[in-house]
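Copied over from TrEMBL:
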TRANSMEM  77-95  transmembrane segment
TRANSMEM  102-122  transmembrane segment
TRANSMEM  134-154  transmembrane segment
DOMAIN    165-276  domain 'Phospholipid/glycerol acyltransferase'
REGION    352-376  region 'Disordered'
Amino acid sequence: MNNLGTLKTSSSELDLDRPNIEDYLPSGSTIQQEPHGKLLLHDLLDISPTLSEAAGAIVDDSFTRCFKSNPPEPWNWNVYLFPLWCFGVVIRYLILFPIRVLGLTLGWIIFLSSFIPVHFLLKGHDKLRRSIERSLVEMMCSFFVASWTGVVKYHGPRPSRRPKQVFVANHTSMIDFIILEQMTAFAVIMQKHPGWVGLLQGTILESLGCIWFNRTEAKDREIVAKKLRDHVQGADNNPLLIFPEGTCVNNHYTVMFKKGAFELGCTVCPVAIKYNKIFVDAFWNSRKQSFTMHLLQLMTSWAVVCDVWYLEPQNLKPGETPIEFAERVRDIISVRAGLKKVPWDGYLKYSRPSPKHRERKQQNFAESVLRRLEEK
């Protein structure tokens with residue numbers, strides 16, 4: 001009898017410890033059950049927004065983590081180190097920064113005084129003109145890297161011009177393009193930007209065969225896809241460089257690769273880029289900072305340090321879909337650069353599903369769960 005009493009006491013204590021599901025529902029909603037204990041559809045619909053909000057909070061936290069700049073821990077926190085930090089600020093802003101500005105200005109003067117005559121005077125000699133323009137763009141990118149005191153270590157064979165090949169790389173900032181361009185004059189596919197960057201895209205970089213798109217224009221996808229197919233077929237075209245993530249990620253993660261580069265029927269050459277944050281974080285958050293301010297941040301730092309790996313070319317395997325091919329290449333880049341893969345589409349950074357779309361998904365989910373319960 002004592003044992004039975006103990007069991008009843010334990011059972012009642014367990015009942016007290018059980019959470020009351022009604023406490024977690026939106027106000028005014030209740031759970032009703034049929035006499036045989038079956039859940040009704042509206043019961044599931046009542047609770048699904050709550051579950052969706054909870055899951056959404058987890059997803060948002062995991063997703064936004066890919067696009068946050070993580071500042072280093074402050075080290076100038078005591079009386080001994082603070083004077084040293086102040087001395088470093090004076091060196092970076094009053095000595096290094098003016099020298100870098102002068103060097104970059106000199107680079108622009110040399111570049112423009114050479115590029116403009118070549119571009120207009122050699123119109124009838126396309127092969128010679130493209131060769132000189134490629135060399136000038138590589139030189140200008142070297143001036144940019146020097147303006148950050150860039151310490152870049154390249155691993156693997158230097159890319160060469162060959163038909164039916166495309167280079168793909170993880171994307172942290174627009175300086176990825178500059179760092180790769182100083183070694184090889186790539187034709188890049190990139191989002192169209194406003195301001196002085198857009199001016200450069202429409203004039204100087206256009207001569208390299210670069211392809212621009214606007215992610216807000218649905219028709220651009222078909223146009224860009226055709227341009228990509230045409231470009232990779234040309235033997236004399238500059239190597240094509242694509243950032244398949246479609247947006248800048250903070251160099252700790254890689255988001256889903258778009259399949260466009262992997263359904264062209266050509267060889268894919270992975271390129272892994274990893275920045276060392278010892279002196280500056282090279283991640284560009286375009287929603288919070290203009291590219292001009294991003295460059296100023298780099299030019300007032302001590303140095304930009306990074307490694308670039310040109311990895312083994314990959315081809316589509318028999319029976320492999322373009323999506324699986326893209327994931328396999330993303331694995332190769334992530335492992336080499338020490339980046340964590342996450343299953344998110346980078347375009348969600350710019351557009352989220354509408355509330356009606358989410359409600360429709362919730363209702364479909366609830367109906368599928370109800371059908372399974374009835375089948376049991």
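Positions of Cβ are set from backbone N, Cα and C atoms, glycine also.
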Remote residues contacting the transmembrane segment (134-154) - C-beta distance under 8 A, at least 6 residues beyond either end
96, 100-101, 103-104, 106-108, 110-111, 114-115, 118, 175, 178-179, 181-185, 204-205, 208, 238, 298-299, 301-308, 310
Counting by DSSP, what is the helix, strand and coil composition of the domain 'Phospholipid/glycerol acyltransferase' (165-276)?
37 helix, 28 strand, 47 coil
